[in-house]
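J.: Pasting a structure below so you can have a look.
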């Protein structure tokens, strides 16, 4: 069981680094997503953008959401085995996460995901009181409804792309660039807060429904997987898992490739990226679970295991790094994509080094320690 949990830590560590590659593009220049090919003129930049779309975009958030549900189920199981009541403990945990998420979203990075996990976690915890099959059935029902909604969008985009227009105001884009390059932190924070509250908060009716359809199924699947010992099943059926991983990767890349082929803007591309990314994420998850069963691979991936154990701290730390680099040093919208990715690699090396050093000396990361103290009230 311990080895399986450690494979989850490795996957969490890989995911948090993958999420950095996605976030840093928007952190450097949010406007790039409207018409990316207008901004990426260098051949190398275009190749990296295509790589980002195919292998990174939305290919790590599904895993992180899945692991969030998996972690809640582990905590509930452990508390139950000790004869305790997991409900107040888990609700304290997600409430603390909500506070951190709002601080992060309002003061550092508008694209915060912690508040989403916290709000949806409040719903998901209730499913731990029910038979495990209820989590699976509910996740499937929500996913199917969301798929039917998105199929209409996908068909419309394929048949008539102009029917789903997305036009960003040049004045708005210029205003955003001027503010983010100004070094005026009052203006930067005000714009950041406005964008966060309008687009990324889950504490609204549209937020709960929007994220409920796209994120909640992954959390419920994660809870089901832990309680059903899905990782044990995967290790017993390696050949089947390898086939599923290969098929998922091929289908996912084919779906995502349409975004590149049709030169879709971010609005028209959302459904393709969501489903393509989810399929690629399935491949990644299976690959890591199977590979960590190999002792040599397991040893090589220890830095990612340490990173996974303090992923909360590292998620906030990478946002602070990006804030300093792009807002304090005024590099917002001034770099080529290959330079942005070099920065991402340097941050990853920095975080892996910190995680390895820290976790060899302490049991929990700094923010994980605070989170745990409040969660368990001790």
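Including glycine, each Cβ sits where the backbone N, Cα and C put it.
Note that the structure is predicted; figures quoted are calculated from it, not measured.
Feature annotation from TrEMBL assigns transmembrane segment to 12-29, 49-77, 89-107, 113-129, 136-159, 208-228, 240-260, 272-291, 312-332, 338-359. Feature annotation from TrEMBL assigns domain 'DUF418' to 226-378.
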J.: Quickly jot the same-chain residues contacting the transmembrane segment (312-332) by Cβ under 8 Å, restricted to those at least six beyond its ends, or write none.
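T.: Here the qualifying positions are 16, 19-20, 23-24, 27-29, 100, 104, 108-109, 114, 177, 180-183, 185, 188, 343, 347, 350-351, 354-355, 365-368, 371.
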J.: Can you tell me which recorded stretch out of 89-107, 136-159, 240-260, 338-359 has the most Cβ pairs within less than 8 Å of the transmembrane segment (12-29)?
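T.: Per the Cβ under 8 Å count, 338-359.
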J.: Any residues 6+ beyond the ends of the transmembrane segment (338-359) with a Cβ under 8 Å from its own?
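T.: Tertiary neighbours of the transmembrane segment (338-359) are 13, 17, 20-21, 24-25, 28, 42, 44-45, 48, 302-304, 306-307, 309-310, 314, 317-318, 321-322, 325, 365-366.
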J.: Excluding the flanking five residues on each side, which residues at least 6 beyond the ends of the transmembrane segment (89-107) place their CB within less than 8 Å of a CB in that stretch?
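T.: 72, 75-76, 79, 113-119, 121-122, 125, 128, 189, 192-193, 196-197, 200-201, 312, 316, 319, 367, 371, 374-377.
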